Structure formats: C-alpha cells, structure tokens
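Asker: Okay, so TrEMBL annotates it like this:
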- 119-340: domain 'ABC transmembrane type-2' (DOMAIN)
- 150-172: transmembrane segment (TRANSMEM)
- 193-215: transmembrane segment (TRANSMEM)
- 227-252: transmembrane segment (TRANSMEM)
- 259-279: transmembrane segment (TRANSMEM)
- 315-337: transmembrane segment (TRANSMEM)
Amino acid sequence: MRSGGRIMLSIVKRILGQMKNDKRSLGLLLFAPLLILTLLFFILGDSNYLPQITVVDMNEKFVTELENHATVIAVTEKPGAADYLEANGIDALIWTDTTDTHIDLLEKSSKSAAALEAIQETNKALQPSQNELIIDYVYETSGDNQLDSLGYIFLGVISFFFVFILSGMSFVRERFGQTLERMLMTPISRIDVIGGYTLGYGLLAALQSVVIILYAVYGLQLQVEGSVALCTLVMILMAFSAVSVGALVSIFANNELQLVQFIPVIIIPQIFFSGLIPIDTIPFGLGNLCYLTPIYYGCTALEMIMIQGKGFSEIWPWLLGSVVFIGVLFLANVIALKKYRRL
C-alpha cells in the first residue's frame, strides 16, 4: 500500500509539474470559463432593449401607456406588414379592425418576444381590450418543432465545429510527421503550401457540407423556404472558412490537445453571433464583433434562405463577406507559416 501510495503521489506530482510548465493549458483551464461567463453576462444580461412598435390609429390612452415599455411610432394608415417591418427594423405592428386587434411580427425571436411583452404589460395597466388579440408572423415556420426555426444555426455551427477540428488536427499531424517541414525546406512557396492544404481539406469539408444539408432537408425534413442549392453554397463557403481558421490556429498549437483548448476561445464566442441572439439587442456595442466572425456571415445567409425564402440578390453581401474572410485567413496563414520557413 505504501509503495502504491508513493507511485500515486509521484504521478500526481508529475501531472501538476507538467501543468505548471504548460502555461497555456493552465491559463485556459482557469480563465477560459471566466471568459465565457463574462461574455454570457454582457450578452445575456440586462440589455435594456426597447422594442420598436408601430401603432395604426390606436387610442391615445393605449399609446401613452405603451410608450412606457417601448419606442412607439404612430401612423394613421396601415402599411404592408412584411415590407414595413423588414425595411424599417420595426419589431411589431399593431392595428385594429371592427372586431379584432392584430399584432404583426416579422419572425419568432427575442425581439418579437420583447415587443409582445411590452404589449402585454400595456394591457395589464389598462382595462382589458374587448377585441381578440390575433398574432401573425411574416416568416413563420410551418414545422412543429424548434429545429425548423433554429435549424440554420445548428447547421452552421455543427458544420463549422467539425471542419475546424478535422482541419486543425490534420495540420498538427502534418507538422509532427515532419511532412510540412520537409516541404518548406524546398523552394516551394508558402502560398502553394497553404493553397494546397486549404483546397485539399476544403474539398473534403465541402463534401461534408453537401451531405449535411441533403440529410437535414431530405432526411430530417428540415424546412427550407428558399433554394437548397444556395444553402449548399453557403455551407461550402463556411466549410472553407473553418478550414482556414483551423489551419491558422494549428500553427500556434504544439499538439492536438492545445488545438482543442482553443475551442472555448475560437468557437464558443462565435455561437453568440450565429443568430441565437439578435445582434442589435446585445448591449455595450458588443454586437459589432459579429463582423469579425465567419459564422455570422454564413448563419445570416442561411437564415435568409431557409426562413425568409430570400434569393441570391438578397444574400450576396453575406456571401461576399464569407469570401473576404476566406481570403484574409488565407493571407494570415501564409504570413504565419514564415516561422517554419526558417527551419
């Protein structure tokens, strides 16, 4: 027992000693959870978001009370709900007919929920309306489950995550197998090296994207209002972005474990900008960080296609954003590879 205890103690000392010398692992172990919790605090905390609600020829008492809970825009003529809500960033449109009160919302989201809550608080403060409340969504998924309304997020995040792991670990193995170093000792350019790796792993990732989207749409019957081909194109661009991110991170990882340790820093923060939380409700201007994350461009385009039925003419800015991101990451990989050229 004493011998076993000494062996166990020596193993404990060795592990603690290794961890003490591995500052990166120790830092990620202690501080990465704090980083995620801090992001959650800022993003999901008190956003003080005031919904914007347009009222059409409503009585003054209702409007006055509603102004305590929302930014109110009063108009006398009812506009078309779809174009008006989308073009002006309005969260809800309220109007009445002879028997009912109608609330038009763009889609099911936290912004729409905030608008409905403001209306409900107004109704509590006033006498209950005699009219029945009828709620209509411009973009309402016909499915019966959350997957139909959040499927575009899961598609983007899951695909990006697995491609990141695949490409990053493959690059690390290439380095440990001395394949990359031997290549860089030849006159071959860094652009050719990065281009070859990106294209090679990118084609495999593109195949994965096609399989995922086809299985989701035709196997799981995930609702797609727009073009499946456009969804596939977006997924392929996201896959190439993930390959480039994985390659860049792998250059700064000394082993596969260290690559995995980058997940809390590289992947998890991007999930907040995938559409899970409306960007303009994130406080302290942190929503602007979305433009620095490739998942934002891909998931936004997927939402426009799958939920809103948009076509290429509407989503091309987000496709361009993905392409620009791939180009920037490609150049960053070429520059980062300089340290191996010196070997």
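Yeah, the Cβs are placed from backbone N, Cα and C, and that goes for glycine too.
A TrEMBL annotation is a machine prediction, not a hand-curated record.
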Asker: Which range out of 150-172, 193-215, 259-279 gives the transmembrane segment (227-252) the most CB pairs under 8 Å?
Answerer: 150-172
Asker: Which residues, given as numbers and ranges, are at least 6 beyond the ends of the transmembrane segment (315-337) yet have a Cβ under 8 Å from it?
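Answerer: For the transmembrane segment (315-337), the far contacts come to 184, 190-191, 193-195, 198, 230, 233-234, 237-238, 240-241, 244-245, 247-248, 251-252, 291, 294, 297-298, 300-301, 304-305.
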